[in-house]
Amino acid sequence: MQFEVLAKCHTTRARVSRMRLAHGVTMLPTFMPVATQAAIKGLTPQQVEALGVNLILNNTYHLNLRPGIEVLKEAGGAHKFQGWNHNLLTDSGGFQLVSLSKFTKITEEGALFASPFDGEPTMLTPEESISIQHAIGADIIMQLDDVVPSLTVGPRVEEAMWRTVRWLDRCINFHQKSGRDDVQNLFAIVQGGLEPDLRDKCLDEMITRKDRVAGYAIGGLSGGEEKDIFWRVIKQCADSLPEDRPRYSMGIGFAEDLLVCVALGVDMADCVFPTRTARFGVALTRNGPLNLRLGKHATDMRPIEEGCPCPTCSSGTTRALLNHTATLETAAAHAITQHNLVFQARVMGGAREAIMSGTFPQYLKDFFSNYFGDAGYPGWCVNALKSVGVDLLEGRPDTKVIPGDGAKWEYSDAA
């Protein structure tokens, strides 16, 4: 990996970087669509490439179960298997310790899974996770971490944090002995739950291993914790992590979350949100999400978003047609998925351009004004951005501040 910081925001901790990997250059900050099973649901690799995406995520745990490592080896790795010629990141399988917890037993050796398909037991050790990721051939591979639900408290959080550190050492040792560390880049994952002292301890341990890892991820969030706690953990980690390594916030997908994380110093994020929500008929726009299933869109002959360059909008596909077909025809899911991925790319691309031109604080103010409008700003976003010098309420004395996560959704035709 070659990682170079090209520009920094003069106010926030946002930055633009160039990350060169074996399958090309990815400009940061960026959003990574999730192709869990070696496919972005509903799209071909050629369609994803045409949207301007050049870094996606596969899941180690799921690909190990199906199609299995032997098939991937026979194919020559996951790039060739799925027909993807650009950069690829693999999650280690650690998140499945939470999402499939009823099938899992954690020991110091590793995680013993019962397959959700046939009940067959599988032991996923740190070494096995890296071995699987070697077979997959991803450009960025993640350490196996001991993940606990975000809201967990008590001794289990500290136990998981220290085990994550020990498992990192095992991942590093196996990876370096394999001779693959010149083509596949290992990232460490910072754990510690919502407890600042544990996060600090984990950060200290991870940073001492800086010369043996290519980048860092912030894990253990986006699991139902309060957003006012979420951003403080992100800031704590981003403030401490080395300047010359990429910083990846795992499981982040809402537009407001992405921009706050970028302002706090995060370079990369991933989430199933834009593709999953598309399959429910929800399109993402700069004026907030559109629930295209609502009756108010049934006679609307406008595209999802005027001026959007995605294939759906630029071809003239109307909101009315999507209202007619959303959740009923797969073509609608494909069309909205393409739009949503372009929306995410435009949000992050706009951030990069604004950082380079020195206008990122104004970009944030304009985005939040358009996105939330008169609905009011989420209080946590106001607090988070104020911590890095951006006052969203400046010049807007009448803007409401909404407690809680403040997410904006269309729930009814009256919305």
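Glycine too: its Cβ is placed from the backbone N, Cα and C atoms.
These features come from TrEMBL:
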- 12-371: domain 'tRNA-guanine(15) transglycosylase-like' (DOMAIN)
- D91: active site, proton acceptor (ACT_SITE)
- D91, S92, G93, G94, F95, D145, Q191, G220: substrate binding site (BINDING)
- 251-257: region 'RNA binding' (REGION)
- D270: active site, nucleophile (ACT_SITE)
- 275-279: region 'RNA binding' (REGION)
- C308, C310, C313, H339: Zn(2+) binding site (BINDING)
Enumerate the residues of the same chain, C308, C310, C313, H339 excluded, that satisfy the criterion Cβ within 8 A of the mean position of the Cβ atoms of the recorded Zn(2+) site; list them in sequence order.
P303, I304, E305, P309, P311, T312, S314, Q338, V342, F343
Using a 10 Å cut-off, grab the number of neighbouring Cβ atoms around the Cβ of D91 (active site, proton acceptor), all chains included.
28
Going by Cα-Cα distance, pick out whichever of the recorded positions D91, D270, C313, H339 is nearest to Q191 (substrate binding site).
D91
Counting distance between Cα atoms, which of the recorded positions D270, C313, H339 is nearest G94 (substrate binding site)?
D270
Do me a favour and check the Cα-Cα span between H339 (Zn(2+) binding site) and D270 (active site, nucleophile); whole Å is fine.
17
Number of helical, extended and coil residues in the region 'RNA binding' (275-279), per DSSP:
5 helix, 0 strand, 0 coil
Over the span of the region 'RNA binding' (251-257), count residues by DSSP class, listing helix, strand and coil in order.
3 helix, 0 strand, 4 coil
